[in-house]
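Asks: Okay, handing you the structure first.
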Amino acid sequence: MSSLEISSSSYNQETKLPLSPPLVEDSAFETLGKDVNEVEGKSKDIIKLTSEKLSIDEVSRLVISPLCGAISLFVGITRNNFEGKKVISLEYEAYLPMAENEIRKICIDIRQKWPVRHIAVFHRLGLVPVSEASIVIAVSSAHRAAALEAVSYAIDTLKARVPIWKKGAPG
């Protein structure tokens, strides 16, 4: 049997459903009937503009929720070339109060357009060497479509509206 074939012994041939239900922790049943906010707290928008190296793992962990089946990420990294020229790093500058305010507005826009749970937008400032992340955006939602669309909207809108400027450092 190839690795792509499904073993007939573990599926009901008539309905193609698993013969046994998925495992569920007992504590999940205790939360039924409780208010969602009692279970996990309110939705979060986490925004960070920093000169520190960005951690993709940290940003993705911040948006995890037991209510969500999807986390979508966008990671923008410094590449080693631009318009045929070698690049060794990029330098980012921002007008912080306005940048943070505009990112908050983008989070509000996202929440009006898609049913998302948590949003994290981390942008690096200062020098960002080749292969390091300059921006990480993470969005969690119950289903993948909302998370994917929200992340795409977030990066496109951020680039158009947020006062963060980049300069290349040629090699």
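Each residue, glycine too, has its Cβ placed from N, Cα and C.
Got these off TrEMBL a minute ago, pasting:
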- His143, Arg144, Lys159: substrate binding site (BINDING)
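Help me picture where these features are in the structure shown.
Replies: Of all Cβ atoms in the shown protein chains, 11 besides its own fall within 10 Å of the Cβ of Lys159 (substrate binding site).
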Asks: Long-range same-chain neighbours of Arg144 (substrate binding site), Cβ under 8 Å, sequence gap at least 6?
Replies: Gly69, Ala70, Ser72
Asks: When you measure from the Cβ of His143 (substrate binding site), which residues in the chain that are at least 6 apart have a Cβ under 8 Å away?
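Replies: Result: Gly69, Ala70.
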